[in-house]
Amino acid sequence: KDGYLVGNDGCKYSCLTRPGHYCASECSRVKGKDGYCYAWMACYCYNMPNWVKTWSRATNKCGKRK
């Protein structure tokens, strides 16, 4: 699947201050084929396994208490 990587806090992986290869490295770490820093804000990955958590507007938990 394709999508934005999310951390344990439910927020997208930020790439604003990261080196150019950061997102591609993070995407390959979860067995994705490739990735990039979308609009210099968040890592977007391609061809990841279905078990990888990705950000969704419907299930967004970023910044919210559990």
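Any Cβ shown, glycine's included, is placed from N, Cα and C.
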Cross-link partner of Cys27 (disulfide, per Swiss-Prot) out of Cys45, Cys62: Cys45
Per Swiss-Prot, the disulfide partner of Cys23, chosen from Cys11, Cys43: Cys43
Assigned element (helix, strand, coil) containing Cys11 (disulfide bond), judged by DSSP: coil
Surrounding CB atoms that lie within 10 Å of the CB of Cys45 (disulfide bond), all protein chains: 26
Tally of DSSP helical, extended and coil residues in the domain 'LCN-type CS-alpha/beta' (1-63): 8 helix, 17 strand, 38 coil
Candidate nearest Cys11 (disulfide bond) in space, where candidates are the disulfide-bonded residues Cys23, Cys37, Cys43 and distance is Cα-Cα: Cys43
Within the predicted model, mean pLDDT of the domain 'LCN-type CS-alpha/beta' (1-63): 94
